[in-house]
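Visitor: Per TrEMBL, the features are:
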- B:Leu9, B:Asp83, B:Gly86, B:Ser111, B:Val112, B:Leu162, B:Leu227, B:His261: S-adenosyl-L-methionine binding site (BINDING)
- B:1-239: domain 'Tetrapyrrole methylase' (DOMAIN)
Number of protein chains: 2
Amino acid sequence: MLYLVGLGLGSFSDLTMKGYDVLKKCDYVYLDSYTSIFSEEGFKTLDIDGKCILPADREFVEQSSEIIDRAKNHDVAFLVVGDPLGATTHSDIILRAVEKNISYQIIHNASVITAVGCCGLQLYNFGATVSIPLWDEFGHPESFYDKIIMNMKSGFHTLCLLDIKVKERSLENILRDRKVYEPSRFMSCCEAVHQIVDVSNRKAEDQQSRKNAIITKSCIVICLSRLGCDNQKIVVSTISDINEAYLNPEKNGLNFGDPPHCMIIPGIIHELESIFLVARYRNDVDSQIFLPIFYTTQGNSENVLQICQDTIHLHNETVRIMQPTLDHT
Amino acid sequence: MLYLVGLGLGSFSDLTMKGYDVLKKCDYVYLDSYTSIFSEEGFKTLDIDGKCILPADREFVEQSSEIIDRAKNHDVAFLVVGDPLGATTHSDIILRAVEKNISYQIIHNASVITAVGCCGLQLYNFGATVSIPLWDEFGHPESFYDKIIMNMKSGFHTLCLLDIKVKERSLENILRDRKVYEPSRFMSCCEAVHQIVDVSNRKAEDQQSRKNAIITKSCIVICLSRLGCDNQKIVVSTISDINEAYLNPEKNGLNFGDPPHCMIIPGIIHELESIFLVARYRNDVDSQIFLPIFYTTQGNSENVLQICQDTIHLHNETVRIMQPTLDHT
């Protein structure tokens, strides 16, 4: 039997009790190590009869048949961060199990796709999720941009999952067939915003793109780091202010938190959502880790709440202008 | 401190270990009973020092301040099915806590919004989620229909959450101010499909709607029941066959499983997704609870796999016709 066990978002304590029981009875336990920020150290804190955790990187999962082969006669658990079929999909390993007539079971868990609800935006108002890739020597793909525009035109929010590069090889090392891996890299919200600004600047020069709408610097962006972890952080700001923070990291004291990051470009922000986003200025609760912080370089401490509300208002106006006039003729 | 604890989808064993630890230390434990199919009996199986669970229905959560008041000086847990900020949103209770300067923490868990990935469709290919309301004496709202069309035009799948009516009053009892509640009702996929057919028939008579595309009877629909539970069921079929099953329940032996149900109207079904949807015909694995069953009234047992593949092909053609010709002039 093959068990695909969701680990949730933060630590091994986010494992469900059902998932924990599965681990206890399994003969082999593999950890999807290529999207994971979970440590094998943390795993040792789980009391599962001294079982070892076997790291499974992308190459191993895609190329080796070890997991599937062992699941034929043993109980095997494959641990995946988030939900096993959430942001990182593992349907290929399920299809391989089905082909070999091996039973499987999915133990669901929290995924970044629903946990983003903690920023106060309603999940019903999200369009399709996009991935923003790190630009490198292999290319500068920018299809994510048009997908965000498509959501904004419908008034929908866009969850942007940011690139994670683990065990990647440089072009040179691939060409020379050397198994030398680059250090792991996690894309930050600042980098993602900078790429958006880069595409926007190019689109702004193009008449047709201007007609089809572009993401302006006054648009709101919600930066989330370590979602669902104890040190989660939510910073609400504008494209302009985040890009400024990217260009002059030492100038402001803005800290976006540890990786991994993800990001939301909102569509129309509704009233209840707006109240949630600016709540940090209304009251100062003791433990604020789950509350968004509205960061703005404008105004002073006295009128900052008004500035935040005006910023959201301006964002909504920008999104409304993008929406096509409905043709009822 | 107020803890919003996600229960996950199936039973109390889906609680995370972190969530379980929170329950153990809390002074009061409330259960969101208006979207829940969890029983208080099940709760007794949890060993949390003989604590009682307090049922909290919609009226209580929205009108009483008991939960918030108690969270001022005590640790209070509010248990919500799925993720606390997933399909059923509880941001209002958080805002009330923030207003009264009460700290809160969210314990995330699996939600139907990500668990649908188990049918093999990629979550990246989903557009906005819609809710389909049960039609009754209060009205026949049909805005869900246009939202599904909007997603299909972009090639995106639509997750349809189906109505749950718990502790609702009839129009007569509301007018007479009688606190008499109707029996709980869970909308089935058959009912939802029947409402879609009803709207489609009306749209088909209207020239403008025809131009803007309608959901045809040959479109694929994926019916999911008790998602994430041990008795989960996934039936893949066409609008036509499901509607037939609704009109003649005794004629076919098709069983869609116990409530709650949810449903997917796919956009473009990609190849890997297609393989997953028809896998049930490729191999017969021992435990098939997580595998979709492709149900068709056409063909015989010999050519049924081909029929399924043709059905998906026809569905994709229908969706492609809906997609507007991109204007690049």
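FYI, residue positions are counted from 1 along the chain as it appears here.
Glycine is treated like the rest: Cβ placed from N, Cα and C.
Because the structure is a prediction, the values reported are computed rather than measured.
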Visitor: Considering all pairs of residues in B:Leu9, B:Asp83, B:Gly86, B:Ser111, B:Val112, B:Leu162, B:Leu227, B:His261, annotated in the record as contacting S-adenosyl-L-methionine, what is the maximal C-alpha distance expressed in whole angstrom?
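Guide: Spelled out: the longest distance between any two Cα atoms in B:Leu9, B:Asp83, B:Gly86, B:Ser111, B:Val112, B:Leu162, B:Leu227, B:His261 is 17 Å.
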Visitor: May I ask you to pick out the binding-site residues among B:Leu9, B:Asp83, B:Gly86, B:His261 with a CB closer than 8 angstroms to chain A's CB atoms, ordered by sequence, or 'none' if no residue qualifies?
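Guide: Contact set vs A: B:Leu9, B:Asp83, B:Gly86.
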Visitor: Per DSSP, to which secondary structure element type does B:Gly86 (S-adenosyl-L-methionine binding site) belong, with helix, strand and coil as the options?
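Guide: Reduced to three states, the DSSP call for B:Gly86 (S-adenosyl-L-methionine binding site) is coil.
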Visitor: With every protein chain in view, what's the tally of Cβ atoms within 10 Å of the Cβ of B:Leu227 (S-adenosyl-L-methionine binding site), excluding that atom itself?
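Guide: There are 23 such Cβ atoms around B:Leu227 (S-adenosyl-L-methionine binding site).
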